[in-house]
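Chemist: So TrEMBL says this about it:
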- 24-41: transmembrane segment (TRANSMEM)
- 69-90: transmembrane segment (TRANSMEM)
- 96-115: transmembrane segment (TRANSMEM)
- 122-142: transmembrane segment (TRANSMEM)
- 162-180: transmembrane segment (TRANSMEM)
- 189-210: transmembrane segment (TRANSMEM)
- 230-247: transmembrane segment (TRANSMEM)
- 254-278: transmembrane segment (TRANSMEM)
- 290-310: transmembrane segment (TRANSMEM)
Amino acid sequence: MGGGGGGGGEGASGPELSTDNMKGIVLALLSSGFIGASFIIKKKGLRRAAVASGVRAGVGGYSYLMEPLWWIGMITMIVGEIANFVAYAFAPAVLVTPLGALSIIVSAVLAHFILNERLHALGVLGCVMCVAGSVVIVIHAPQEQEITSVREIWNMATQPAFLLYVASVIVIVFVLVFYFSPLYGQSNVLIYTAICSLMGSLSVMSVKALGTSLKLTFEGTNQLIYPETWFFMLVVATCVLTQMNYLNKALDTFNTAIVSPIYYVMFTTLTILASVIMFKDWSDQSPGSIISEICGLVVVLSGTILLLVTKDYERIPQSRSVYAPLSPSLTTRLNGELLKHVEDERTSDEEKALRRQEMY
């Protein structure tokens, strides 16, 4: 299928970005900026509220609800999420999803200058890798397909290959929720993160379908008259609620230094896989462009893992050692690195409370 708003093919010098892709990129970058900044603003608000009331959020205090700075942070995050939602209506998930890693860079850099949370050499390297990988993905990203009705998306969602993917996800999630979760959910980090990631991949596909429907409606072609639009809305609500429920369980049970990298890698990989199956993002691309995108994605994922793990080791002490039994050597190494990098002055309960609030 041809690309929307621009040429869908590739010349000898590489693909050209369509107008829709450019809009998606700009919205994704704005989303990363707003979301990354919101973490810092909310944290400043939490600190100010804790000082003013003497009761931290982590021990049951809700004084931050009366703190304007915290609400500015929340509004900033909502704006970022809306921009991310709209970005999926203009650009492929293969392009938009990896760019979400840039919010971590924004947060880390602002925290370095505003909150005096040091960004060390490995963190800087992680930032550079994320930027470099994102540039590669943008350069070689597929064109957004030109869609004129939600029923076109419905046809894509009901093709045999994607139905097989959906069925596989549902079966795996049911097995994880009803069998593995009660037995191993509190001891293996992969259980909760797998549920989040699998449901997340379906939520992004539904968000893209719903966003495209709303975009067409605002352009004058009403899609709200079709039941498919409301079905996608129901799927979005179901998937997001399930995803957030188990993500909160994972964050509450395991160290963020483990949850964040695993969840980001699994979620991004499965989302791109779902998008490639449903929207056939790579069908009109050359093998060179596909390989370049995969390499760019690997670089972004590696940089994100490096940045997240480095930041969490330096900032977040954990007295408990509830790690997933990935391997004895890995668990030992994580505990050893945690003890080496955590400084005494950063072990306050306030930091733990603030970190917990950042997740909401």
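From the backbone N, Cα and C atoms, a Cβ is placed for every residue, glycine too.
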Chemist: For the transmembrane segment (96-115), name the stretch out of 69-90, 122-142, 162-180, 230-247, 290-310 with the most CB-CB pairs under 8 Å.
Modeler: 122-142
Chemist: With a cut-off of 8 Å between Cβ atoms, can you find at least three pairs linking the transmembrane segment (254-278) to the transmembrane segment (122-142)? Only pairs 6 or more residues apart in sequence count.
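Modeler: They are not in contact.
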Chemist: Determine which residues of the chain contact the transmembrane segment (122-142) at the Cβ level, with the cut-off under 8 Å and only residues 6 or more beyond its ends counted.
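Modeler: Sequence-remote neighbours of the transmembrane segment (122-142) are 3, 14-15, 17, 21, 25, 91-92, 94-95, 98-99, 101-102, 104-105, 108-109, 281-282, 284-285, 289-290, 292-293, 295-308, 310-311.
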